[in-house]
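Engineer: For 29-51, 63-82, 88-104, 125-146, 152-170, 177-198, 213-235, 356-378, 384-404, 416-436, 448-473, the entry in TrEMBL reads transmembrane segment.
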Amino acid sequence: MAEITHPPMDQLQDLEYCIDSNPSWAETILLAFQNYILMLGTSVMIPTLLVPAMGGTDRDKALVIQTLLFVAGINTVLQALFGTRLPAVIGGSYAYVIPVAYIINDPSLQRISDRHDRFIQTMRAIQGALVIASSIQIILGYSQVWGLFSRFFSPLSMSPVVALVGLGLFQRGFPLLGNCVEIGLPMLLLVIGVSQYLKHVRPLRDIPIFERFPILICGTIIWIYSLILTAGGAYRNKPIATQISCRTDRANLISTAPWFKFPYPLQWGPPTFSASHSFAMMSAVLVSMVESTGAYKAASRLAIATPPPAYVLSRGIGWQGIGIMLDGLFGTVTGSTVSVENVGLLGLTRVGSRRVVQISAGFMMFFSIFGKFGAVFASIPFPIFAALYCVLFGLVGSVGLSFLQFTNMNCMRNLIITGLSLFLGISIPQFFNQYWNPSHRGLAHTNAAWFNAFVNTVFSSPAMVGLTVAVILDNTIEVEKSKKDRGMPWWVKFRTFRGDNRNEEFYTLPFNLNRFFPPT
């Protein structure tokens, strides 16, 4: 048999900067700005989807986008300093769309005739639900319950979960790119060409600019191209849907965004509380917790760090719960989770530096305060982002599959668990999604609307379904005799903070705070 030249490795070696190493300041600032540009896609899309349904105007939408970006900056800094300390951007989550849509369609709110008043009252109801529901992550995180539950994880069960965090978002890739193929497809081909085929070309000294800044380079080229198409009248007589996807002036963000606006807590008024709204929102909090867990595992691998121990994972979930509470207090219309696309960017640029993400949070807050400047970048057509998602979500999915190197994939037990988790993790959410739209209750349609939202949210999440299937099967089928096959001898040393000497380097709190919060 030929010698195996690629044995399993705890940490990826094909990256240039790990979590604690930093590029030059010029590179760091440009990389941080690139992270900011990338997270604009989700930050603009979610309010664009929800605010009009709430009765809000274009100006309301611009203010919500500014608020979402501002709070995302705060949450990213908190997570990078005191949470998992991984280079993970914290942004808005699509997991909250279903429970938010349930609140929007609440008959008591729909009866409000004045659109602006309905927008304000709906926003306050969403705020109250987020504040109450955030307690789930705060309690599970700081009580270490989520860390205790993570002891049921193994490389075999985590692999499909992390893979589904990326691959499960396929509907935001080519299906949305296809809404404006003349912009999206050139962007996709250009990103692949620049980042992969030109990555060794270095026109500026020793800096691989094509590998480091593919989004800035390709995004600028295609954005200018789309501006030319818009100004030239290419979409003048096209259907409204095409104009929304392709035109650079369709979102009305630049004209409606204020020059200066400092988001502050309770800016829409005090939150209103409803038990049914809060229970519905708790489903999204659970889903975002699972999706973030998978994203943290991927981020640790792409930052050349060890998998976060149970204590660190719980700490990160606790801070994420505080982030969701801030979402509720400020009024961002959605909750927070780890930005999967920004995790993928760590691998695409081969830079896993924590400092880059921290500075990107500064860009988020700066451009949210000075709204006109931020609105210019927010006017980038969404198919450009969809093209990037095709690359970045796929990269995160492949990171999940890389955990299988620590397991025995010549074992039929492992093949069945992996295949079933991946297949059901894609198939079940697709089944639920085809029955759901904002004006209908979805597949679950009992008389209890909050229950419908809860069930539809949980089963519409690929990562949630994949985790449920993988963890149950992995911990009930031939558990004792399959420890080596599951990869437990490699995994067990990362369960506790003291289990591996490298954990202290990656996950120790700053400012000597470990004296007051000793790891377990």
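Note that Cβ sites are derived from N, Cα and C of the backbone, with glycine treated the same way.
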Engineer: Counting Cβ pairs closer than 8 Å, which of 29-51, 125-146, 152-170, 416-436 has the most of them with the transmembrane segment (88-104)?
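Structural biologist: Stretch with the highest Cβ contact count: 29-51.
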Engineer: Counting CB pairs under 8 Å, which listed stretch among 29-51, 152-170, 356-378 touches the transmembrane segment (63-82) the most?
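Structural biologist: Stretch with maximum Cβ contacts: 356-378.
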Engineer: Give the nonlocal contacts of the transmembrane segment (125-146) in its own chain as ranges (CB under 8 Å, at least six residues past its ends).
Structural biologist: 99-100, 103, 106, 109, 268, 271-274, 277-278, 280-282, 284-286, 288-289, 293, 310-311, 313-322, 324-325, 327-329, 331, 333, 335, 520
Engineer: If contact means at least 3 Cβ pairs within less than 8 Å, sequence distance 6 or more, would you call the transmembrane segment (29-51) and the transmembrane segment (384-404) in contact?
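Structural biologist: Output yes: the transmembrane segment (29-51) sits against the transmembrane segment (384-404).
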Engineer: Thinking of Cβ pairs under 8 Å, which stretch from 152-170, 177-198, 213-235, 356-378 has the most of them with the transmembrane segment (416-436)?
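Structural biologist: Answer, by Cβ pair count: 152-170.
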Engineer: Would you mind listing the long-range same-chain contacts of the transmembrane segment (213-235), meaning Cβ under 8 Å and 6+ residues beyond its ends?
Structural biologist: 30-31, 33-34, 37-38, 182-183, 186-187, 190-191, 194-195, 242-243, 246-249, 345, 348-349, 380-381, 384, 388
